[in-house]
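Report on one structure; see the data block that follows.
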C-alpha cells in the first residue's frame with residue numbers, strides 16, 4: 001500500500017510486477033529465495049518441524065538410490081531401475097543363485113544418512129489445503145528488491161502534512177520481555193479528521209521501540225496488533241504513532257514463564273526459557 005497526500009491505493013504485487021498510480025510506480029524486481037519452482041519439499045515429521053529442499057528429486061527415470069526412487073503414486077507404486085548387473089553364482093551341489101553387482105542402498109536410506117548436507121527450511125503457522133501449502137518463514141531468508149519511480153510533477157512539500165488525528169490506547173499484552181520469547185501488544189487506535197490513513201504503529205517503552213506494524217486505519221476505532229522483542233522487567237510497553245504514545249503502558253511477563261518459541265509459535269513445544 002502507498003499513500004501520497006490524499007492519494008491511497010493497494011495492490012498485491014507478485015514477482016516482476018508493479019503498482020502504478022498517477023504519481024508513482026512501485027515494482028517488485030529480482031526476488032531472491034531459497035525456493036525454486038522445480039524444488040521438492042520433504043517433511044520427515046510434523047510441518048512445524050520444517051523440511052528439506054531437494055533440487056534433483058527424480059520423477060520419471062529413477063534409479064534405485066536416487067531421492068524419490070520408490071514412491072506411492074495415484075496409479076500405483078513407482079518402481080525404480082536398478083543401476084547394476086546380475087550374474088549367476090554357482091556352488092557344488094547347490095541351487096544356482098543370482099548375485100547383484102551394484103547399489104543396494106535405497107534413496108531414503110542414503111538421504112537419511114546425508115540429510116545434514118541438504119538445505120533445510122523452517123515453518124511457522126502452516127496452513128495446508130487440497131491444493132496449497134502456506135506458511136510464514138521465520139528465517140526471513142526471502143529478499144525482495146523494490147524499485148520506486150516517482151513522477152516529477154509530484155509536490156513533495158505537501159506529503160508530510162495530513163489532517164488525520166490519531167489517538168492511542170494500550171489494551172493488552174501477551175508474551176514476555178527480553179529477546180527470547182517476544183510479545184504481542186494490542187492497541188486501540190482512534191482515527192479522526194479523515195476517512196482512511198496508512199501509517200505505522202509502534203510498540204515502545206520510555207527508552208526505545210521494539211516493533212512496529214503498518215496499519216490501514218479507518219475512521220473510528222481500530223484494533224492493531226504489534227509483534228516485538230526486547231525490553232526488560234521494568235519496561236512498560238506503550239502504543240505509539242510518530243512521536244505520540246498512549247498515556248499508559250503494560251508490563252509483559254517474565255521470559256521463564258513463557259515458551260521460548262514465542263507466543264505466536266507452535267504450542268506443541270514444551271521447552272521453557274530460564275530467563
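Residue numbering: from 1, along the chain as shown.
Any Cβ shown, glycine's included, is placed from N, Cα and C.
Listed in Swiss-Prot for this protein:
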DISULFID  1-10  disulfide bond
DISULFID  18-27  disulfide bond
DISULFID  58-62  disulfide bond
CARBOHYD  122  N-linked glycosylation site
DISULFID  164-194  disulfide bond
DISULFID  187-239  disulfide bond
DISULFID  204-209  disulfide bond
DISULFID  240-245  disulfide bond
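Annotated features taken from Swiss-Prot, shown on the structure.
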{"residue": "1", "record": "disulfide bond", "DSSP (3 states)": "coil"}
{"residue": "18", "record": "disulfide bond", "DSSP (3 states)": "strand"}
{"residue": "58", "record": "disulfide bond", "DSSP (3 states)": "coil"}
{"residue": "164", "record": "disulfide bond", "DSSP (3 states)": "coil"}
{"residue": "194", "record": "disulfide bond", "DSSP (3 states)": "strand"}
{"residue": "204", "record": "disulfide bond", "DSSP (3 states)": "strand"}
{"residue": "209", "record": "disulfide bond", "DSSP (3 states)": "strand"}
{"residue": "240", "record": "disulfide bond", "DSSP (3 states)": "strand"}
{"residue": "245", "record": "disulfide bond", "DSSP (3 states)": "strand"}
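Annotation for residue 10 (disulfide bond): spatial neighbours 1, 2, 216, criterion Cβ-Cβ under 8 Å with sequence separation of six or more.
Classification of the residue listed as 'N-linked glycosylation site' by DSSP places it in coil, neither helical nor stranded. Here the candidates are the disulfide-bonded residues 62, 204, 209, 240, and by Cα distance the one nearest residue 194 (disulfide bond) turns out to be 240. Within the group of disulfide-bonded residues (62, 187), the Cβ with the highest number of other Cβ atoms inside 10 Å belongs to 187.
Considering only the recorded positions 58, 122, 239, 240, residue 164 (disulfide bond) has 240 as its nearest partner by CA-CA distance.
On its own chain, residue 239 (disulfide bond) has 168, 169, 170, 185, 187, 188, 189, 201, 202, 203, 224, 226, 245, 246 as residues at least 6 apart in sequence with a Cβ closer than 8 Å to its own Cβ.
Taking the C-alpha positions, the distance from residue 58 (disulfide bond) to residue 209 (disulfide bond) comes to 49 Å.
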